[in-house]
Amino acid sequence: MAASAEVPAPSDAGKAEGEGPSPDDAVIFVGISLLLGIGSRHLLRGTRVPYTVALLTLGIALGSIEYGTSGGLGKLGAGIRLWANINPNLLLSVFLPALLFESSFSLEVHQIKRCMVQMLLLAGPGVLISTFFLGVAVKITFPYGWDWKTSLLLGGLLSATDPVAVVALLKELGASKKLNTIIDGESLMNDGTAIVVFQLFYQMVLGRSFNVGDIIKFLSQVALGAVALGIAFGIISVLWLGFIFNDTVIEITLTLAVSYIAFFTAQDAAEVSGVLTVMTLGMFYSAFARTAFKGDGQRSLHHFWEMVAYIANTLIFILSGVVIAEAVLNNDSHFERHGTSWGYVILLYVFLQVSRIVVVGSLFPLLQYFGYGLTWKEAIILVWAGLRGTVALALALAVKRASDNLDQSILKRELGTLFLFFTGGTVFLTLILNGSTVQFFLKLLDMDKLSTEKIRILNYARYEMLNKALESFGDLGDDEELGPADWPTVRRYITCLSNLDEGQIHPHNIGEGESYMQMMNLRDVRVRFLNGVQASYWGMLEEGRITQTTATLLMRSVDEAMDLVANDPLCDWKGLKSSVHFPYYYRFLQVSKFPQRLITYFTVERLESACYICAAFLRAHRVARRQLHDFLGESAIATAVINESNEEGEEARKFLEDVRVTFPQVLRVVKTRQVTYSILKHLSEYVQNLEQVGLLEEKEMFHLDDAVQTDFKKLLRNPPMVKMPKISELLSSHPLLGALPSAIREPLGSSTKETMKLHGVNLYREGSKPTGIWLISTGVVKWTSRNLTNKHSLHPIFSHGSTLGLYEVLIGKPYICNMVTDSVVHCFFIKSEKILSLLMSDPAIEDFLWQESAIVIAKILLPQIFEKMSMQELRGLIAERSSMNKYIRGEVVEIRPKSIGFLLEGFIKTQNDQEHLIASPAVLLSSQTDQSFIDLESSGVNSLIVCHAASRYQVETRARVMIFFDIGVSDADGALQKRSASWITQSGEPQRPLSKEHTGLLSWPEHLYKATGHHLSPNESIKQSTSFLSAKAVELSIYGSMVNVRCSPRRNILTGSTSNHSHSLSYPRVPSRTTNARSLVSVQSEGRERGMLKIIQAMNLKAKNSLLELILPVDSLSARPLELELGPSGDAMCTFCTTALLLCLIILGTVGDQSSRQCSC
């Protein structure tokens, strides 16, 4: 330390040797400039004068004192001289990338797309028109003897606009986004084109010659190469950004670094326009990387770049004023000889305004036609907004420094001084005159006024603010320590709520003669609604409910819909339709030789994205509807917009429902990702909150939060994927094949053909020869028929577990109806020969197949009774209350009251009508049945052909009849139409006791599980075997592949609650704290290890609570909230009984009485 203290500082050594100002003095200039910038912005806030005018004036004042006085400004003056002699290329490289990236990144992508043609017109042909107009005017009028190249160089230099002050003012006054985007976008683009034109003429001034071909090549290479380079840097950096997680510092630094590296690469390495490169990079980020920054990170990024742009503007304008003062004072001899130069500054300012009028006027027809169009009022503001600023001053400085260093025969020093003088003068005049009078023109043209509907909304909101203030006063106006507060005094300080004594008026109350307000209010509410939808998307992105790609797509759809709200209803779903459908390329993959699992993978990936979109769309619209209703109440206009939103959501709901029945695994995985992300986010916030309240030290908080962040990264890089079940598992879980013995099922399963049918595909057609059966794994199939059309068939569908075409294969007749897919259907096809071979293997299997075929026949022939019953209910009905018998000629079939028979095979006659044969398939009713319940008279089907009523039927040939007994069709309320398997409880027999294994689930036929006797007849043995197969089919229909899962002897962690909270059994149980449980205390008092253990336990509890909060509300990915309660003991249930209880609720709508809702194991 002592040795180092003896070494003199470099600045001291420099001063001792008399080498002039120290490099350290440059820092003083930066600090003083920033202070002057702060003071100017603070003092001029709320005035019409742009603060940049004050900065330029202050810079001229500082330069005048330093260069015009003998004493100077000391060390500040030394710093001024250092900055005044800075290399202009270094000045451009330091300030331009930051300014350009900030401006281009802040633009809205949708607005850019709509206004792109207008911006290109102004930045392309507009810059050329302005350059040549100014060049010609300067050549003709200025007395300096400049040639055409020099005059056009000044024209190109002054063609770069910089309307920063105007854009800020337009935003503050609430002018249209369209005008803001055109002015700001034109400024960005013509900065690039003006610099390119400047470089072209600058090369000419230095002696390089160009022909027309060289000029076109130069402009194309510099411009198009810059755009390509900007896109390349954007792609690489955005991909890199995707690997950065929750590190705002690195994310912001990456944007800063890539903007400067892109500018340097373009200018020096690729020799293209660095301005256009950075502009393209910023627009690329705005289009594809805006959603990569979430929450605090996005706000930090915005504030950072706003600060960088503010610092750059402050330094450039002050420095420009200093250099202008230096140029004038160091060349006073010139201005003494040419005193008219001051007048030519004013003349040049006039030329600038005239050139702007010529540019906008000549392009006005095209500007009016493309994009959003342009009115004559907006054209006037566009003309007056042509300010000059940073880029023009930087280019003038470059010419000044070049003239100081180059040979005087090439570029005279006087020329550089005049360029800087004229540029600084025009910048000063445009800022002080145009910038400060824009508000006057806006007021003169009535463009600064709020619309009538906005004024009404503001007044209405002020009353709502008053109500909120009163609520807050009620909560805060009195406390135990200080007592009550004085409301009149409080209100006197809230001046924004004064003058509200006239009474609240709803903004949509329209008086006489104001009918035109109806459409304006409707448009305004639609825009506000869509803004709410977009805000919800941002919230869902922050919560992890949607990905960045999905968020970009959703927000783009809202932007597109906002353009159409003036004339059309809400249509943001229109922009999402192309992304929400079953993949079109599936047909190609299906006919190709790709493996089926590879086809399924690509299909599932596409469906995942579509499910994210649909779920987010429905949730965002639901939130926006609630917020709109809470704010505006039962307004007719608000109700109309809410109805439009509901109508838009129908297609999204339909798609999710189709996915739910076709690929339920996709919805489960999507929801699992969302819940996992949200729980980890809750845990991170919980740990950080513990540190904020002092319960955790910072080091301990970082330790726990790092573990959570590690889990975050693992979730994002290796998220849960959809696991499609194996074909063998699907086949074994189907009620038909799964119920068969394994010795029969396995050979039959190996001969099945797996396929996936798109929506609207015919499985088979009515009247065609049966070729096989279809086992429906997932999806929905709808039946149609020319002869069996019935008005009661409101939902003529078959879903998972159905076996289609079996009856026709067994009986050998053509298909009786069309089977058409009503969604994407995953199914298996088995040829007829394989099924018919089973009939010879075992009589019990033959009877079982006939029973399975009767399910489809019952739903088709008598939909008013059986259509609303699910497949599992029908199978339970067959197992519990049906019998199937074979009859020979001469025997009598008796149908009792409250019973329904189905003739599956053969011919019979009624005893009253011996002339007409009844052919299969047919419905057999008792003559004592109340047919008004079935409503045969008004049905669209020919009842004489399908439905028959008699007390006894005579068998003509060998016949097979299935009879459903004790149906209760005479019940006036139609008990079977209820969703709760009411056929169990409404029979005339007393309810039999429930078996222990299935208590509370379903009333199984107990005789199927009783021990068989040793002396059974062959028919009884066949019936018992058939009953076992039917019972197995019912179990598979309800439980699927879980039938063979054994109950675990240990307690499951999934429990119910004895409280009134209706938690689903699929959620983890959250243990409640007992009254004597110790609360969380300081880590110090318990010791660090025990304290950390308690924190982890608390985090576990927090995660479980978060899971309950996240899943319990109804959302788009769950069919409905599950309301299950366990028995009074509240004990945990094993996995099998828990799942059984849950499935019974979903399928049957009931789980029995309260006492049965407990584990039976």
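Heads up, the Cβ atoms here are built off N, Cα and C, so glycines get one too.
Straight from TrEMBL, the features:
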- 736-840: domain 'Cyclic nucleotide-binding' (DOMAIN)
- 1-20: region 'Disordered' (REGION)
- 26-44: transmembrane segment (TRANSMEM)
- 51-70: transmembrane segment (TRANSMEM)
- 90-107: transmembrane segment (TRANSMEM)
- 119-140: transmembrane segment (TRANSMEM)
- 152-170: transmembrane segment (TRANSMEM)
- 222-241: transmembrane segment (TRANSMEM)
- 248-266: transmembrane segment (TRANSMEM)
- 272-293: transmembrane segment (TRANSMEM)
- 305-329: transmembrane segment (TRANSMEM)
- 341-367: transmembrane segment (TRANSMEM)
- 379-399: transmembrane segment (TRANSMEM)
- 419-442: transmembrane segment (TRANSMEM)
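Helix, strand and coil residue tallies for the domain 'Cyclic nucleotide-binding' (736-840), in that order: 27 helix, 34 strand, 44 coil [DSSP]. Spatially, the transmembrane segment (222-241) is not adjacent to the transmembrane segment (119-140); fewer than three Cβ-Cβ distances between them are under 8 Å for residues at least 6 apart in sequence. Tertiary neighbourhood of the transmembrane segment (272-293): same-chain residues 93, 96-97, 100-109, 112, 188-189, 191-193, 195-196, 221-223, 225-227, 229-231, 233-235, 237-238, 241-242, 248, 251, 255, 258-259, 262-266, 301, 391, 541, 548, 551-552, 555, selected by CB-CB distance under 8 Å and a gap of 6+ residues from either end. When pLDDT values are averaged over the domain 'Cyclic nucleotide-binding' (736-840), the model yields 86. Highest Cβ contact count with the transmembrane segment (341-367) among the listed stretches 26-44, 51-70, 119-140, 419-442 falls to 119-140 (criterion: pairs under 8 Å). The transmembrane segment (26-44) shares more Cβ pairs under 8 Å with 51-70 than with any other stretch in the list 51-70, 90-107, 119-140, 419-442. Within its own chain, the transmembrane segment (51-70) is flanked in space by residues 36-37, 40-41, 43-44, 76-77, 80-81, 84, 164-165, 313-314, 317-326, 329-330, 389, 424, 427-428, 431-432, 435-436, which lie at least six positions past its ends and keep a Cβ under 8 Å from the stretch.
Beyond the ends of the transmembrane segment (90-107), by six or more residues, the same chain brings 181, 184-185, 187-188, 191, 255-256, 259-260, 262-264, 267, 274-275, 278-283, 285-286, 302, 305-306, 308-309, 312-313, 315-316, 319, 390-391, 394, 397-398 to within a C-beta distance below 8 angstroms of the stretch. For the transmembrane segment (419-442), same-chain residues at least 6 beyond its ends with a Cβ under 8 Å from one of its own Cβ atoms are 48-50, 52-53, 56-57, 154, 157-158, 165-166, 169-170, 173, 175, 320-321, 323-324, 327-328, 341, 344-346, 348-349, 352, 380-381, 384-389, 392-393, 395-397, 399-400, 403, 448.
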